[in-house]
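Taken from Swiss-Prot, the feature ATP binding site applies to ASP87, TRP88, LEU89, supported by similarity to another entry. Residues annotated as active site, proton acceptor in Swiss-Prot: ASP189.
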Amino acid sequence: MHLTKTWLAQLPLTDIQQVQPVSGGDINAAFQIITRHHQYFLKVQPHNDVTFFDHEVAGLRLLGAVTKTPRVIASGTIATDGYLLLDWLATGTGSQSALGAAVAKVHHQHHAQFGLDHDFTAGKLPKINHWQTDWATFYTQQRLDVLVNLAKEHHLWSETREMHYHRLRQQLLQDSHMHTVKPSLLHGDLWSGNYLFDTTGTPVLIDPDVFYGDREMDLAMTTIFGGFDTDFYQAYQAAYPVAPGMQDRLPSYQLYYLLAHLNLFGETYGPAVDRILMQY
């Protein structure tokens, strides 16, 4: 995507000196903007209005109340494109222990119910966040079922997968009384690409997809693609111990993220989905 001078002139910035594309995202166009006195990170969603970024802004503010996140400068619409303007953060190195403590601090933020005060349906994977008092109901109906139905639409589902998924779903609902869950604020997409360390070594959480749910969902995501080491888990456990049996529950939460990748990237993730489904 090319940003014209006319487009850039509508940003709430003065004296823009340089604009550099930034790689790494597959959803938004991203740029580093350098002015005379400051640097900014700009996300642009082509042909999508400002509401596309409302969910991310809300998430950054919720997380930012208890841990470091990029500061939101502005969001809006230019021409037909939604944009989100953030502070540019120079990166450094930091400790996994500090990251684990930061995530635990986020999870200590609780709510009376599971969900969020708004849905997010502008992306490729709809997030239905209607409030629920029962976690198993929320997770099966508003997370897993949504992605399974999407996989069916994408012709990525089979009778075998449906049979095993039905068994998993029933077990989650039947066994919900065995696992007491307190609604925690979740990052929602906690993989290694969504944290960094600033130049002081402070952990920074980015690109959130927040809601209130079982904190083991965030922890499950950390186990799928790597990027979190023993120090992270030890620091997390010291700050907010997990309930016994978490290792047995993690696959059912890993399934959500693997279903997301199945829908986004296709059958490459099918074997990983099947490995979990076949346990039921």
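Note that Cβ sites are derived from N, Cα and C of the backbone, with glycine treated the same way.
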With a radius of 8 angstroms around the mean position of the C-beta atoms of ASP87, TRP88, LEU89, what other residues of the same chain does the ATP site pick up?
-> GLN39, TYR40, PHE41, PRO70, ARG71, LEU86, ALA90
Cβ atoms other than its own within 10 Å of the Cβ of TRP88 (ATP binding site), all chains, total 17
Just going by other Cβ atoms within 10 Å, which of the recorded positions ASP87, ASP189 has the emptiest spot?
-> ASP87
Restricting to the same chain and to sequence separations of six or more, state which residues have a Cβ under 8 Å from that of LEU89 (ATP binding site).
-> PHE41, PRO70, LEU196, ASP198, VAL204
Measuring Cα to Cα, tell me the gap between ASP87 (ATP binding site) and ASP189 (active site, proton acceptor) in whole angstrom.
-> 21
